[in-house]
Amino acid sequence: MFNHLDKSTYLDAKKKVPLKPIIAPSLLACDFSRLFEESSSVLSADGGASEWLHVDVMDGHFVPNISIGSVVVSSLRKALPQAFLDCHLMVSHPEQWVDDFASAGASQYTFHIEATTSPKGLIDAIRAKGMQVGVALKPGTPASSVFELCDADLVDMVLVMTVEPGFGGQSFMSNMMPKVLELRTKYPALNIQVDGGLGPSTIAAAAEAGANVIVAGTSVFRAPSRKQVTDELRDCVAKAIATRSHL
Ligand SMILES: O=C(CO)[C@@H](O)[C@H](O)COP(=O)(O)O
Ligand SMILES: [Fe+2]
């Protein structure tokens, strides 16, 4: 399993070696009264087999919903010292929470490009605290808004939202796939995450467009076999990566 300090995925992207499929179940769809069991069920080898855990942080301002904050990340880190905690900050002032999430043990800090006027300063602050950096785009935000950051190799991952952020269980927006394809064409070695409505019926479109990091909440946590769905998602991404590498 992945140590949260393990930078292998980031280094892979820097070294331009082939991308890895990464599945990140969103805890928003789990039973929060059993957070540890739910988290370990998707990470452990026999209950599940995911690489990352996706933690959705909502402030009731950037999005019309409130979820969880750094205290929960801190508890997860203590209970799951090796887990890669992929934190998706749907908050209006992402600069405000960098220190708290770093102290809590977040592995990656993904902020929304729409929520900041100084992304480079924010990225510096995130890196200074030892976290990987992700930048997220709402459905209405063009890929070009992160070209400058990607061209300068400042981010480890771009998150393309495939629903309006704020709630789990929404329908996948297939019209976001040209955005994923545009990013993949320009940045062959970048981790590109998709988030919202991903599951067995939508994974092919996302994988073929070029996404390699897949957030899946409802489809994993509500499945009869979480491991089976996780493996199905990963296989589909792996096939798409292999196909692209032979083109
Ligand atoms: O960031 C978000 C929603 O804002 C996501 O991470 C969702 O929580 C994904 O849930 P499903 O659509 O897979 O149920
Ligand atoms: Fe998310």
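Using N, Cα and C of the backbone, Cβ positions are placed for all residues, glycine too.
Because the structure is a prediction, the values reported are computed rather than measured.
According to TrEMBL, the features are:
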ACT_SITE  Asp56  active site, proton acceptor
ACT_SITE  Asp195  active site, proton donor
BINDING   Ser26, His88, Gly166, Phe167, Gly168, Gly169, Gly197, Gly217, Thr218  substrate binding site
BINDING   His54, Asp56, His88, Asp195  divalent metal cation binding site
What is the separation, in Å, between the Cα atoms of Gly166 (substrate binding site) and Asp195 (active site, proton donor)? 11
Which three-state DSSP class does Thr218 (substrate binding site) fall into? helix
Can you tell me the CA-to-CA distance separating Asp195 (active site, proton donor) and Thr218 (substrate binding site), as a whole number of Å? 11
Return only the integer: C-alpha distance in Å from Ser26 (substrate binding site) to His88 (divalent metal cation binding site). 10
Binding-site residues compared (Gly166, Gly168, Gly197) - highest count of Cβ atoms within 10 Å: Gly197
Most crowded position, judged by CB atoms within 10 A, among Asp56, Asp195 as active-site residues: Asp195
For ligand 2, pick out the recorded positions Asp56, His88, Gly166, Gly168 that have a CB under 6 angstroms away from one of its atoms. Asp56, His88
For His88 (divalent metal cation binding site), the one of Asp56, Gly168, Gly197, Thr218 that lies nearest, given that the recorded positions are compared by Cα: Asp56
Quick tally, other C-beta within 10 angstroms, Ser26, Thr218; top of the binding-site residues is Ser26
Would you give the longest CA-CA distance, in whole angstrom, between residues of Ser26, His88, Gly166, Phe167, Gly168, Gly169, Gly197, Gly217, Thr218, the set recorded as binding substrate? 17
